[in-house]
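K.L.:
Just passing along the structure, written as structure tokens.
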Amino acid sequence: MPNRVTVRTIREMKSKGEKIVSLTAYDSSFARVVDEQGVDVILVGDSLGMVMQGHDSTVPVSVDDIIYHSRAVEPQTKRALVMADLPFMSYTNPDQAIGNAARLMQEGRAHIVKLEGGEAQLDTVRHMTRHGVPVCAHIGLTPQTVHKLGGYRVQGREDDAAKQMLSDALALQDAGADAVVLECVPVDLAQQLTEELEIPTIGIGAGRNCDGQVLVLQDMIGISSLAPKFSLNFLKDGRGIPEAIKAYVDAVRDLSFPTDDQCFF
Ligand SMILES: Nc1nc(=O)c2c([nH]1)NC[C@@H]1CN(c3ccc(C(=O)N[C@@H](CCC(=O)O)C(=O)O)cc3)CN21
Ligand SMILES: CC(C)C(=O)C(=O)O
Ligand SMILES: [Mg+2]
């Protein structure tokens, strides 16, 4: 694995102020192109339940589904860190979580696993860390709990919620998390989280001050049924798909994406 991006690489990128670029890929053709265009972290996310399977949430996605896509993606990558989501109900206790993380890594070839939640996941993150499983946390809007949240909405606008998010993030870091995704978080709160954490923050709808950005590929080439405020179609001006992905990579690195239009305040 020479020159492969690892959790150490992205932490170094944070300390040097180099932006981390992440994008989803769910099949081998896209994985190859996304890797070739210089995306640092390829996410095999449970949003595949929406963009690949046509469900209206990520709730129906199984561990086998993630493995199916991750197995297609990872062998086509040469440089990117391949991250896979633990789907809903696959990590309700540390033993279940580590068993499913092992499947994502061994059957799915993933290099790091991601799970949603704060406080409730501390024992699980600690257990996985102790056993050498790289972990990315995911806080803010956690789509797996959409039926509790009551919709895909910005999180952390109230003082109490913002304080809770900050303490969750620090506790996840202490538990061993290697990175954290911040989804649909107001710009100022995401900036504060990014400054207070040593581990990298990867934002989606969380402003340009995060250490990195992530988008769902289908959103950034304009073919998904959703048009979240934080997304932007880069497939325009006669560009092909590889060029659109390159434009996204460049825009994250030169801070031209996201603009205020893609942010919550
Ligand atoms: N195609 C796709 N893109 C995604 O970013 C994505 C998925 N699927 N599936 C899993 C979750 C769900 N996500 C979503 C979906 C919709 C909104 C959305 O439409 N939000 C509104 C309201 C925000 C607010 O005002 O609070 C928006 O205008 O963006 C946000 C996140 C993010 N993830
Ligand atoms: C929206 C990103 C961060 C994700 O978790 C997914 O695509 O599943
Ligand atoms: Mg996800």
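Every residue, even glycine, has its Cβ placed from backbone N, Cα and C.
The Mg(2+) binding site annotation in TrEMBL covers D46, D85, E116. The annotation 3-methyl-2-oxobutanoate binding site is assigned in TrEMBL to D46, S47, D85, K114. Taken from TrEMBL, the feature active site, proton acceptor covers E183.
Situate these features within the shown structure.
P.N.:
Around D46 (Mg(2+) binding site), the same-chain residues at least 6 positions away in sequence with a Cβ under 8 Å from its Cβ are T58, V61, I66, D85, P87, F88, P143, Q144. In this structure, D46 (Mg(2+) binding site) belongs to neither helix nor strand by DSSP; it is coil.
Secondary structure at E183 (active site, proton acceptor), as computed by DSSP, is strand.
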K.L.:
Around D85 (Mg(2+) binding site), how many other C-beta atoms are within 10 angstroms of its C-beta?
P.N.:
32
K.L.:
Please list the binding-site residues from S47, D85, K114, E116 whose Cβ falls under 6 Å of any atom in ligand 1.
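P.N.:
What lies within reach of ligand 1, judged by Cβ under 6 Å, is S47.
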K.L.:
What does the structure give for the C-alpha distance between S47 (3-methyl-2-oxobutanoate binding site) and E183 (active site, proton acceptor)? Integer Å is fine.
P.N.:
13
